[in-house]
Protein chains: 2
Amino acid sequence: MEEHIKDPNELLNSIEELHPTDIANSLKKIYKNNSDEFYFVLKQLPDEILGEVILELPEYIREDTYGELSSEQLTDAVEEMDSDDQTDIIQEIEELDKEKAKEIFEGLEEENQQEINWLKRYEDDEAGAYMQTELFSANINEKIGDSIERLKHLKAEGELENIHQVFIINDDKMLLASISLEDLIIFDFEKTYEDIVNSDDNKYKPFKVQDDEDIDFVAKQFEQYDLSVVAVVGYQGMLIGRITSDDILDVIEQNATEQMYQLAGVNEEFEHEDNLLTTAKKRGIWLFINLGTAVLASLVIGLFDQTIQQYVALAILMPIVASMGGNAGTQTLAVMVRQLALGEIDYDNSKDAIKKEVFISLVNGFIFALIIGFIASFWFSTAMLGVVIALSMVINLFSAGFFGASIPLILKKFDIDPAVGSTVLLTTVTDIVGFFSFLGLAKVILL
Amino acid sequence: MEEHIKDPNELLNSIEELHPTDIANSLKKIYKNNSDEFYFVLKQLPDEILGEVILELPEYIREDTYGELSSEQLTDAVEEMDSDDQTDIIQEIEELDKEKAKEIFEGLEEENQQEINWLKRYEDDEAGAYMQTELFSANINEKIGDSIERLKHLKAEGELENIHQVFIINDDKMLLASISLEDLIIFDFEKTYEDIVNSDDNKYKPFKVQDDEDIDFVAKQFEQYDLSVVAVVGYQGMLIGRITSDDILDVIEQNATEQMYQLAGVNEEFEHEDNLLTTAKKRGIWLFINLGTAVLASLVIGLFDQTIQQYVALAILMPIVASMGGNAGTQTLAVMVRQLALGEIDYDNSKDAIKKEVFISLVNGFIFALIIGFIASFWFSTAMLGVVIALSMVINLFSAGFFGASIPLILKKFDIDPAVGSTVLLTTVTDIVGFFSFLGLAKVILL
């Protein structure tokens, strides 16, 4: 694992021994150096491996291959994929070349076409969009041994992999139970599934989710119940697919990325654009909002222009108060947003969370008030200047803690993602409170 | 799932039908309202369920239970856990009550004691710390049917669960192969494992990691190869444990949390302290560093005190330049840090990443230079003031992009986590460049 073969012929010779992920990683390196060699290898890959390799390539390379590979070769590769991957790839090709996507789609087996049409109806955040329809199910009246014979055939045809469970259904395809292979393998193969299921109702109760369930909720279920697979059911509890833990790993990683980006004012969706101007524009929108709040803060400073003119030390010191408030607030915000997402903070304990943050910010407020108070007094040889900056430090760090904790909660109450926009809202508060308290107190106390 | 039973007697009556996670969730609610009722339920739970429930409780509740439950009850509960969980719990109790931890440890079976002593030697970030020693292995010469008989007994004794694979070892316990149950179940049980393994060398090549491998690397392997379990080997390739996908889900979630916190100057480790003063102190350290950089920025402003006195509009506008630089830099930083962590950026393409960020920041630099240039010109009726702020906006957004992209790469080159400290370093740059370019240009151009 993790070694790259850079010679195309050597790579082709080792294909049998390599995992598709490793082939993709090697191809990625080859693509960078010489795209002719890349396609030389790609076009000679057997269909099944080609399909898996395409899925493991980064999106920007994958999109290039759609133009280079023939419709026939792509059709054969897609045919070998699981239904969820088939759907993703067809949709990806559609965005680049509607005609080619149609050709490939129509080249697929009837059954695959129907599955893709079904899966395409799901929204990006629905469980159904992450499920694969390939699974191993058995009728409750089936003899275990018979179903294992079926499994043998399905596996020989390459139709099934990563089977950890057999899903038990009735004649109406309603999901009744789920039996892990480790339980199945020790049973008498002459018995029927009914015999197993009746032996222990609870043990074989299936973990299932509705097809339109939010995928984030599904991910939470995986974490809470330590699942490796979950059944997806549709109309009237009919079994229609399954979601496996490897899909959920991706969901969790993706969610964390989005959240981190949102806190920083970045829209993840537009970060992988070919056209950097689009990325710049999307980031620019957040910067524009920030410009608005910065101008607002300047208007507050403008209220005190005469005070500043009389006392230029104020201009020198004022960014300190705002900066400290912004940083303390960012700390609080990160903790609140993340703990809300992880479910560690909910409405039951939101008051405790606010109290905690206010306490922490007040403790640090008093400590840094003392420090900066002394610094300012000695720097400008004016004791009262120290008092002014110390007071405004306490006020601003208090608002950082209070608003840093409240803003995400309020956003959530209005069903807005707490990570989106909370940073801008918060720095607006800490800037305005910081400048206003510092300059206002200076005007009252110093002049 | 997800419903809470708040009545203690009702909860006790439903225990057989509930998942331990659900019992823990209900108990969490009961604990909040009435801790007597909480212990009333807890003390009546059967050992096996008690063990699983304890593991699912939040740490702060769990630590309370260590004081309330007797050593005997805790010993019985711990006895039922997997080795990795046993080790964690014993270590948790050790931190609170060394004597009790010793009592519990000595009450465990000899074999468990040895495993715990072994697992305790691993560092927090080593694969060994995440593995469980409970697994299903078979000698390569064993008959499949015989090993399945063994599995039956082990499962009946409750020793094993979540078995997806049988690990094939030789007489020296060296790991040779890994066969998933789905492959095993369709084989002739009269054959030996050697017959299977010889039939296809590559298919049964085991995914394995060394026991002292970094757990983040292991998590990457799970993502790359879509694994559900990995074998852990020690000295001379001896099989010593396995890591399952549910552990990896937690690792990924935890890593994302740490990264988000680090970017915000928060130390995740100290966020769940009982003593809030400790949390405040740890956050205070980052604020202290920020205070240092803020004072540095103030010293830069101080260089231009006479300029500001002559032209107070500069004091009003200067936070805008610094704020925009800070925000643009934060965007770049979040993208760089995250993509470095996800492996999307490495040394091969780091130059491309820097170019991309500089391009984006320059595009936005010119756009916002125009906007703020007009605003400033009209606000203070001085065209040249608009020119000054526009120029410094371009300069500062350029540095935001350039340093926002370079700082994480440089930190990584020195083997420092790019998320740690990069925010402080960057805002120091954008503050100083922002104030210096704006006030410096003003001094040269305006006066």
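A Cβ is built for glycine as well, from the same backbone N, Cα and C atoms used for every other residue.
Those TrEMBL annotations? Automatic predictions, nothing curated.
Since the structure is predicted, the reported quantities are computational estimates derived from the model, not experimental observations.
Over in TrEMBL, the protein carries these features:
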type	residues	note
DOMAIN	A:201-258	domain 'CBS'
TRANSMEM	A:285-304	transmembrane segment
TRANSMEM	A:310-337	transmembrane segment
TRANSMEM	A:358-380	transmembrane segment
TRANSMEM	A:386-411	transmembrane segment
TRANSMEM	A:423-446	transmembrane segment
Among A:285-304, A:310-337, A:358-380, A:386-411, stretch most in contact with the transmembrane segment (A:423-446) (C-beta, under 8 angstroms): A:310-337
Non-local residues, at least 6 beyond the ends, that sit with Cβ under 8 Å of the transmembrane segment (A:310-337): 259, 263, 297, 301, 304, 345, 353, 357, 360-361, 364-365, 368, 372, 376, 379-380, 382, 385, 389, 392-393, 396-397, 399-401, 403-405, 407-409, 418-419, 422-423, 426-427, 429-431, 433-435, 437-439, 442, 446-447
In contact by Cβ distance (the transmembrane segment (A:285-304), the transmembrane segment (A:358-380); 3 or more pairs under 8 Å): no
Beyond the flanks of the transmembrane segment (A:285-304) by 6 or more, those residues with Cβ under 8 Å of it: 265-267, 314, 318, 322, 421, 424, 427-428, 431-432, 435-436, 439-440, 442-443
Helix-strand-coil residue split for the domain 'CBS' (A:201-258), DSSP-based: 28 helix, 16 strand, 14 coil
Taken over the domain 'CBS' (A:201-258), the model's mean pLDDT: 93
